[in-house]
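What follows is a single structure, written as structure tokens, with notes after it.
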Amino acid sequence: MTALAVEALTAGYDRSTVLSGIDLSVPTGGALGLLGRNGVGKSTLVMTLMGLVSPTSGRVLLDGRDVAGLRPDLIARAGVAIVPQGRRIWASLSVAETLALATRGHGRRWTVDTVLDLLPRLRERLGQQAGQLSGGEQQMLAIARALLTDPALLLLDEPSDGLAPAIVDQISQLLTTLRGEGVTLLLVEQDLHLAFAVCDRIAVMEKGRIVHEVTTAEFRADRATAHRLLGVA
Amino acid sequence: MTGWVAANLISVLNGLAIGALLFVLAVGLSLVFGMMDVLNLAHGALFVVGAYVAAALTGGSASWGAFLGALGLAAVIGLLAGGLLSVMTEPLRRRSHLDQALLTLGVALIVAELLQILFGDDPLAVPAPPGLDGSTSIFGAAYPTYRLVLIGVGAVLAVGVWLLVERTTLGALVRATVADRDMVAAIGVDNRRVKITVFALGSLLATVAGVLGGPVYGASVGLDSTVLILALVVVVIGGLGSVRGALVGALVIGQIESLGRALLPDLASFVLFGALALVLVVRPRGLFGGRSGATA
Ligand SMILES: Nc1ncnc2c1ncn2[C@@H]1O[C@H](COP(=O)(O)OP(=O)(O)O)[C@@H](O)[C@H]1O
Ligand SMILES: [Mg+2]
């Protein structure tokens with residue numbers, strides 16, 4: 001089964017094409033790590049998959065159903081959720097309000113209670129305004145918000161960005177737990193350790209294209225390629 | 001200070017009455033603009049429609065039935081007109097703010113023209129309901145009873161709107177949409193449904209404000225731009241999409257309007273726009289504005 005199959009997807013903004021023919025697929029329950037230098041179009045890809053950037057051509061198949069060009073709320077209802085770059089939590093809402101709002105009742109796997117069991121820090125912050133949380137807590141809230149929509153496919157865009165190593169470890173464990181629950185993951189990351197710990201395959205983007213895709217073990221073994229594509233050892 | 005306030009009590013009360021009315025009027029404008037970037041320049045026209053509904057139903061003679069009937073009819077018209085405006089601006093969603101503003105300005109001009117054809121050029125009076133048309137003595141000064149009631153009704157409406165926005169799930173949805181509407185869509189909510197709801201309720205408040213303001217301002221075609229400008233100043237001062245901002249902005253502008261006219265009649269609009277300029281220089285996003293939800 002293929003949870004997500006992207007075929008020849010192109011997209012961009014008013015005057016610029018950013019994605020020039022993306023092909024990738026993630027099997028149900030799989031986790032694909034998406035790496036690449038700044039500005040190559042990783043966030044644009046994630047936003048296009050969520051329907052927040054309109055594709056100009058190509059297909060986005062969820063369990064075989066093409067959702068390319070649908071409104072984001074319909075894509076959400078089709079089982080996709082996003083933890084966007086920069087978290088984008090609703091700063092003026094309390095944690096409890098955010099969680100209540102995200103519980104849309106079109107799924108039953110995650111409830112506020114089970115999500116809070118997974119993210120106990122948030123339980124102590126329920127009455128607090130989201131904008132007043134620490135960076136790590138905001139990231140947890142963004143993840144909780146996404147989970148409560150009961151996604152089959154979770155898109156995460158640099159969830160470790162700006163967080164202390166201890167928090168990144170927690171996120172790593174959390175994502176591993178989610179994989180155990182059968183959630184399919186597409187994880188954009190700069191933190192290679194996090195991507196390696198969570199994902200079974202690694203893809204690399206360059207200028208709007210996927211230029212390399214291998215298993216995590218193969219990627220780790222081939223330092224020369226990693227260095228060439230990412231400028232890291 | 002107290003002596004000064006006592007001496008200017010009438011003016012302060014007038015300011016409160018204007019402020020209460022302005023809040024009811026401006027809060028819908030602010031939420032629609034803050035949420036969806038739609039600047040609804042027909043908002044003043046909605047107020048005037050409410051005023052004409054009141055003038056037409058009361059027909060110059062005071063009766064509670066006619067006044068309450070006008071409130072009900074204006075509320076229904078407001079709901080429908082808001083829904084219609086929301087649908088009309090939808091196709092322009094991906095165009096510039098100016099396109100949407102021009103569309104609503106066009107609607108405002110058409111409405112003004114229609115009202116003129118229907119009711120003529122002369123301003124119409126709206127009598128206050130029986131029992132409220134006299135005056136009440138406050139610290140020895142006679143003050144129109146209706147304006148006192150208006151302050152009370154405005155306060156009740158303000159508390160109601162505040163509770164709705166700050167304490168209910170619908171309100172949380174509205175605040176989330178103001179903060180980051182893409183993320184609201186990403187949890188499976190159709191942005192257009194939030195917009196149509198807020199547009200309809202905000203327009204209802206505008207037409208209701210028109211009825212409530214009727215006994216004070218009457219009904220006249222030129223009123224819509226005056227009212228629109230005041231509401232825009234309130235929104236800019238208070239900050240887009242903020243209920244608290246609209247409340248504070250309305251109370252401040254109410255006082256400036258009223259005190260300005262009492263103390264410096266010739267300079268009242270300079271004082272008004274001076275306050276606007278001051279706020280824009282010191283806090284460009286308004287006193288309570290600013291979207292922090294979308295930043296990293
Ligand atoms: N909202 C936007 N409007 C216009 N251009 C954008 C927008 N977001 C990103 N871009 C441009 O698209 C390109 C890809 O950006 P992005 O997808 O954010 O890359 P990445 O996530 O890989 O760093 C960059 O050149 C960036 O400047
Ligand atoms: Mg990015």
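Just so it is clear, glycine is given a Cβ too, placed from its N, Cα and C backbone atoms.
Here's what TrEMBL has on this protein:
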| type | residues | note |
| --- | --- | --- |
| TRANSMEM | B:6-31 | transmembrane segment |
| TRANSMEM | B:38-58 | transmembrane segment |
| TRANSMEM | B:64-89 | transmembrane segment |
| TRANSMEM | B:101-119 | transmembrane segment |
| TRANSMEM | B:145-165 | transmembrane segment |
| TRANSMEM | B:196-217 | transmembrane segment |
| TRANSMEM | B:229-251 | transmembrane segment |
| TRANSMEM | B:263-282 | transmembrane segment |
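By the count of Cβ pairs under 8 Å, the stretch nearest in packing to the transmembrane segment (B:6-31) among B:38-58, B:101-119, B:196-217 is B:196-217. Of the candidate ranges B:101-119, B:145-165, B:229-251, B:145-165 contributes the most Cβ pairs within a distance under 8 Å of the transmembrane segment (B:196-217). Stretch with the most C-beta contacts under 8 angstroms to the transmembrane segment (B:145-165), considering only B:38-58, B:101-119, B:229-251: B:229-251. Packing against the transmembrane segment (B:38-58) from elsewhere in the chain are residues 25, 28-29, 32, 66-67, 69-70, 73-74, 77-78, 81-82, 85-86, 89, 97, 100-101, 104-105, 107-108, 111-112, 115, 118-119, 124-127, 195, 199, 202-203, 206-214, 217-221, 223-229, 231: each is 6 or more residues past its ends and has a CB under 8 Å from a CB in it.
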